[in-house]
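Enquirer: One structure coming up, written as structure tokens, with questions to follow.
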Amino acid sequence: MGKSSKDKRDLYYRKAKEEGYRARSAYKLLQLNEEFHFLDNEDNLKKVVDLCAAPGSWSQVLSRKMFTESKEVDNKNKKLIAVDLQPMSPIDNVITLQADITHPKTLARILEIFGNEKADFVCSDGAPDVTGLHDLDEYVQQQLIMSALQLTTCILKQNGTFVAKIFRGRDIDMLYSQLGYLFDRVVCAKPRSSRGTSLEAFIVCLGYNPPSNWEPKLDINKSIEEFFNGCKMSQLSLSDDNDNKLPQWKDGQREIAKFMSCGGLQSFDSDATYHYDDEILSNLKDKLSLDPVQSPTNPPYKKALELKRSGKLTRAV
Ligand code: SAM
């Protein structure tokens, strides 16, 4: 990708560099917050978990909201944890865990750091590596969301908030129906900074309110379905007794979540790019290219650079 390629002239990519964010995704969380204000009440931001957090732009937003912009004198009681499979460069006030969100040990580690207190806010911007096999990719993405939800049900306090990335695939209304059993309000939101051409959207789940007789418990030997046993949402299932043998939901199970676009018309269009003209080029030559906010922790080209520096890099014959 050249320095003036379309992706690099993306307005949010540029804005992220100017404002010190590691990724343009920061604006997705900020624009969701403009609509729902879940990060605006400090009393509800004492214990926060950012799942699938690398390279860390959501954690940067959270850290600024919880600590840098805090009006409270004493921030000692606040804890912000960022979890990802990938290593992350440190961020002020963020406890980073290199871990798999699908593993029960990760939950145990988070609870230990929180001193067994519950979280006020959990978010997940998770995306698995894409294989290119559409059905498989959709399935793995669904599993990742369900894993994030499982973990969330074990750590979120009553009335807490959960925000997660989803892809609006064929069966997404099943997820909305399931979430309706756990939260008072579920909205599907698309921030302006999320590309219009992408199926990506975010579920904003407000007011965690699980069935009172249900106690979620993560167990590596249990399937997701078994996990949600005892909670009404396990009653939702596919029925295949129809003529064309395609799975369909049983009657009355489909739920369409309210859809909301957020970010306001004054914010940039995610599919727009800025362009250089000759005048800008001559005035701004040395300012045009901005360095990355954070270098990658362990880039695949690191070894090649080391070999080159020591004069040992040779071309394959
Ligand atoms: N919100 C991040 C930000 O603002 O910088 C970007 C997140 S990126 C789109 C998706 C992340 O999900 C990747 O870093 C990937 O490593 C992580 N991920 C995927 N599966 C995971 C898993 N099972 N456990 C932890 N992290 C996972």
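Even glycines carry a Cβ here, placed using N, Cα and C.
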Enquirer: Check TrEMBL: it lists Gly56, Trp58, Asp100, Asp125 as binding S-adenosyl-L-methionine. Then name which of Asp40, Asp84, Asp171 it lists for that same site.
Expert: Asp84
Enquirer: CB neighbours of Lys165 (active site, proton acceptor) within 10 A?
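Expert: Result for Lys165 (active site, proton acceptor): 21 other Cβ atoms within 10 Å.
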Enquirer: For Asp100 (S-adenosyl-L-methionine binding site), write down the residues of its own chain that are at least 6 apart in sequence and whose Cβ falls under 8 Å from its Cβ; none is a fine answer.
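Expert: Same-chain residues close to Asp100 (S-adenosyl-L-methionine binding site) (Cβ under 8 Å, separated by 6 or more) are Leu85, Thr106.
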Enquirer: Checking the contact step here: among the binding-site residues Gly56, Trp58, Asp84, Asp125, which have a Cα within 10 Å of the Cα of Lys165 (active site, proton acceptor)?
Expert: Asp125
